[in-house]
Amino acid sequence: MDGFAQDWPSLTHTTDNVLTMDQLGGVSGAVGDLPGDVGFEPQTRARSNTWPCPHPEPFVEPADELDSTKASNQQLAAGDSQQTIQSANAAKKNSARRNAWGNLSYADLITHAIGSATDKRLTLSQIYEWMVQNVPYFKDKGDSNSSAGWKNSIRHNLSLHNRFMRVQNEGTGKSSWWMLNPEAKPGKSVRRRAASMETSRYEKRRGRAKKRVEALRQAGVVGLNDATPSPSSSVSEGLDHFPESPLHSGGFQLSPDFRQRASSNASSCGRLSPIRALDLEPEWGFTVDYQNTTLTQAQSQVLDQLAGSIADELKLHPDMLQQQGFSAASGLPTQPPPPPYPAPQQQQQQQPQQQQAYTLNGGPPGGYASLQPQPQCLIHRSLNCSCLHNARDGLSPNSVTTTMSPAYPNSEPSSDSLNTYSNVVIDGSGDNGSLLVQQQRQQQQQQQQQQQLGSNLEGQCLEVLNNEAQPIDEFNLENFPVENLECNMEELLQQEMSYDGLLDINIPLAAVSTNAPLVNLINNSSTTISSSSNIGCSTTTSSSSLSASAQLNQLQAQLQQQHQQQQQQQQQQQQQQLQQQQQQLLLNNNNNNNNSLELATQTASANLNARVQYSQPSVVTSPPSWVH
């Protein structure tokens, strides 16, 4: 091969128990010259003939890495190869040869091959050729049959060791170059072992750590967690000064809030509460000693409530749920019939209980106001309507017995006596207590009035208009309480005119004639004002009820017409289907008749042909006259 500077140096051994190649050749020649009658005793040998050879008896394995692997990582010049091989062989004085060709490994041979090239690079085929030409062991193993094993080993070592570097060849269709990596570390690349091979070392290291921990415990090293121990803290049992932990370099101590992932409270979402912790500090500046703080019974109960889950904290008061008609699971109005309305005295007793259940330190309840249904005028569909205010103020202070109709389908009306508190005497001194009592009673009166209006209107009007399952004939406004309602005609007209003709107001002439003197009587006395307003409101409500009933009748008629049309269409479709079926039957019958006729004609013609052939006599032809 032209690319090498010189031939591979001869392998000489200086050991006593290993012969060189030349000596081995001389010995073989001498043995060949011996006469045949010289007898040698048969030598016993081991069963296995594989390499490496078994070690001799006094063999001691060196503790450190071989010098050959350390020296072979560098680029070797041609002149220094002899000294390197001698030093490598000198390191193995007490051991047998590692391989069949000597103590050099495949990596060492590849290193010598690449280093002996002029441009310090070889392809894979050139490395094979160098092995066959320069190593005596591979001279007779260059053919394809016997070279598969050692060529595979060479490829394996090229990819395994970090001392070899693969460079892409510039030419197309050519194999890559293999070069020596000058930046590679000495020795083999670190290979990761399985955990099962290092169990003894791991157990030793773990035992040492346990001994150190016990020594620290006995020495009395106390961490920060010993003062205020927590059940979920991962810094357990005085391990704050563990010397070999990467977290403790420099001797720092872990915080007591440091927690392990498995024992942290982030994994238990059910125990977390979005409510802020109870503030036990007073309003002044200095902090409170929590160890000496004595909690009151109310505060301890509050803390016990806050320690529960979110579902336990968001429970609503059962009395309020029954009163408002909400379900505790979903917060939506429930469909079963409501219970009877409680008396005002029961409501007075329930209201302070609800306030106590929703306040911690006497403050106003936060979420109770949002659950109260807002009053809405069912005629004008607005919250701020004068009809509601006039209806609230126009109720008589005496006890009124009315028929209550709950706003739920298929429920019976319940009659309760609503006692309004009209005998309230407020002192002129303006005492705060009397003002609070007055406000509470006014709120209770408003709630009772809202229940009156809402139950009557929702039970009779809204149930019919919004529920499609109920028939339209159940709409009835005869029991509508119009005696105590007052209405502003100007506001009503403006409200109706703002709908741009969507709603009609039909005021009869008699009602207009009665409204004219009533307007004059408004300026004279308050009694005439209330009566005229009552009459006006009654006329408007009657007119609106008439228009609503007319619209409902129209809707009912339209629905009936649509139903009749659908029935007619269904009947027509059924008739068409019947006609099509009859036509198909007729066609099938005609086809069958035609087929039967064809078959009959065919059989008849066949019979006639057979008869004709059978009845014809045999014709004997006579010879012509000229034949004698």
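Note: Cβ is positioned from N, Cα and C throughout, glycine not excepted.
What you see is a predicted model, and the numbers here were worked out from it, not measured in a lab.
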Annotated range (Swiss-Prot: region 'Disordered') out of 398-451, 560-613: 398-451
Matching range for Swiss-Prot feature annotation, region 'Disordered', among 142-164, 188-210: 188-210
PLDDT averaged over every residue in the DNA-binding region (101-207): 80
Residue counts (helix, strand, coil, in that order) that DSSP gives for the compositional bias 'Low complexity' (438-451): 14 helix, 0 strand, 0 coil
